[in-house]
Amino acid sequence: MAKGTYEGNKTHVNVGTIGHVDHGKTTLTSAITAVSSAMFPATVQKVAYDSVAKASESQGRRDPTKILTIATSHVEYESDNRHYAHVDCPGHADYIKNMITGAAQMDGAILVVSAEDGVMPQTKEHVLLSRQVGVNYIVVFLNKCDKLDDPEMAEIVEAEVIDVLDHYGFDGSKTPIIRGSAIKAIQAIEAGKDPRTDPDCKCILDLLNALDTYIPDPVREVDKDFLMSIEDVYSIPGRGTVVTGRIERGKIEKGNEVEIVGIRPTQKTTCTGVEMFKKEVVGIAGYNVGCLLRGIERKAVERGQVLAKPGTITPHKKFEAEVYILKKEEGGRHSGFVSGYRPQMYFRTTDVTGVINLQGDAQMIMPGDNANLTIELITPIAMEEKQRFAIREGGKTVGNGVVTKNIRII
């Protein structure tokens, strides 16, 4: 299964592409891997457009009965200073909620905007969602600049993007905006050009430099107890079951005992292998890894559970929380709600319906309010105090919360 060992000599950073459908997110993802693999052939593999697209499409066709279907593709690449894990998020409006999990894993995002089309509906939605889920750093790639008849159009679109970033709480004037053509960069690499000197590859080098300099080195909680939210589950013939996800804290290595917590009764097992991009690793906080589990059947584990050091986290259905309900201008509800309200609660990699009950003398919670609430989920999930979550309804985020007290252990 593994093809080598990841040495981890460079700082590891998680990024991803966001933006409107057909603006070139997947093409840019492929272009970055093409340029990076030409510069670092020993450690980076070029990922063709079709491979990135098919990964998203195949995941998008997963079981429709599941609570949350994620259509994303994971690739890796390097700059001179960093190792990047990159998630390519879908841009269709129907998949907008899928970005929550992808975006929640990002230390920064690459916003792709077509210079031909300018800012479009999903451009704004993805920027808003990035702000809501805590992605604090965005780098902009103005794509398809080779197709512009009038160079001034790029100036107009750039100003439009800055306005959108400012509107949603980012500093548009300080945000790096790189102009270029992802497809031209791919064609240059395919023609055997040197990426460090070819003019069509310069935009990708500039983008990598912007990622290196604008997104700060992430602070990882390596010294805490291991916890990884399960994003996907695979069965490998002759080997067993593999669960994948981003390590939230701590570290894991071959031979460690772990528990699978949430949704189902807690199970204890042993991790018999840890890999990242087909390389054996000691998994540490921030890494997207696959963990091979001993004696666990594929059907016995699912997305939304967590893998954790035994005894460090428990499943809960009922809890108290401090929440902020977004105002209409922030993309939230237009009206208030009362006890009995049943939105979706997004915790880590899953969403669960929860029944909200107001506390004290409160009769109604209005947009813009901070409130203490009691929430009961229909399914127990791994939960701990100070854990953050999003409240979603009708395809949009209507509130953000933090767990203040777990009431009942399942």
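Using the three backbone atoms N, Cα and C, a Cβ is placed for every residue, glycine included.
Sequence-distant neighbours of C145 (GTP binding site): residues of the same chain at least 6 apart with a C-beta under 8 Å from its C-beta are A115, A154, R179, G180, S181. Taken from Swiss-Prot, the feature GTP binding site covers 19-26, 88-92, 143-146, and the record attributes it to sequence analysis.
Every protein chain shown contributes to the tally, and the Cβ of T26 (Mg(2+) binding site) ends up with 25 other Cβ atoms within 10 Å. Per Swiss-Prot, Mg(2+) binding site is recorded for T26.
Swiss-Prot lists 10-219 with the feature domain 'tr-type G'.
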Could you please provide the mean pLDDT value for the domain 'tr-type G' (10-219)?
82
Could you find out if DSSP has K25 (GTP binding site) as helix, strand or coil?
helix
Cβ-based isolation winner (fewest other Cβ atoms within 10 Å) among the binding-site residues G19, D22, K25:
D22
